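For 1-22, the entry in Swiss-Prot reads signal peptide. What Swiss-Prot lists as disulfide bond is CYS25-CYS43, CYS31-CYS48, CYS36-CYS50, CYS68-CYS87, CYS73-CYS92, CYS77-CYS94.
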Amino acid sequence: MEKAALIFIGLLLFSTCTQILAQSCNNDSDCTNLKCATKNIKCEQNKCQCLDERYIRAISLNTRSPRCNVQSCIDHCKAIGEVIYVCFTYHCYCRKPPM
């Protein structure tokens, strides 16, 4: 009985999360109906994502290069005392290291 209840709860949670994660978008305004704990919602890689500015900061990198330079992103994050979160197109995202 407990096993069945746990499976049911797991399926319920999984189905809710996949609906949120599967929301596609073309620009940031398509993500207005997504509920996030933060106010920053961005459309990246055609998916809506919630960004927490306390942990993630985006910096603009060389705009002539179509891809993010991973090593310069790592160096920048180290210089400000953070770790690399993701390097995507023209932006380097850093976050505070886990405790």
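Counting begins at 1 with the first residue displayed.
Positions of Cβ are set from backbone N, Cα and C atoms, glycine also.
Annotated features taken from Swiss-Prot, shown on the structure.
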{"residue": "CYS36", "record": "disulfide bond", "Cβ contacts under 8 Å, 6 or more apart": "CYS50"}
{"residue": "CYS43", "record": "disulfide bond", "Cβ contacts under 8 Å, 6 or more apart": "CYS25, ASN26, ASN27, ASP28, ASP30, CYS31, GLN49"}
{"residue": "CYS77", "record": "disulfide bond", "Cβ contacts under 8 Å, 6 or more apart": "VAL83, ILE84, CYS92, CYS94"}
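Rounded to a whole value, the Cα-Cα separation of CYS48 (disulfide bond) and CYS87 (disulfide bond) is 17 Å. By the criterion of other Cβ atoms within 10 Å of the residue's own Cβ, the least surrounded of the disulfide-bonded residues CYS31, CYS48, CYS50, CYS87, CYS94 is CYS50. When secondary structure is read from DSSP and collapsed to three states, CYS73 (disulfide bond) falls in the helix class.
Annotated pair CYS73 (disulfide bond) and CYS87 (disulfide bond), C-alpha to C-alpha distance, rounded: 7 Å.
All protein chains considered, the CB of CYS25 (disulfide bond) has 19 other CB atoms within 10 Å. In this view, CYS73 (disulfide bond) is surrounded by 21 other Cβ atoms within 10 Å of its Cβ, with every protein chain counted. Secondary structure from DSSP puts CYS94 (disulfide bond) in a beta strand.
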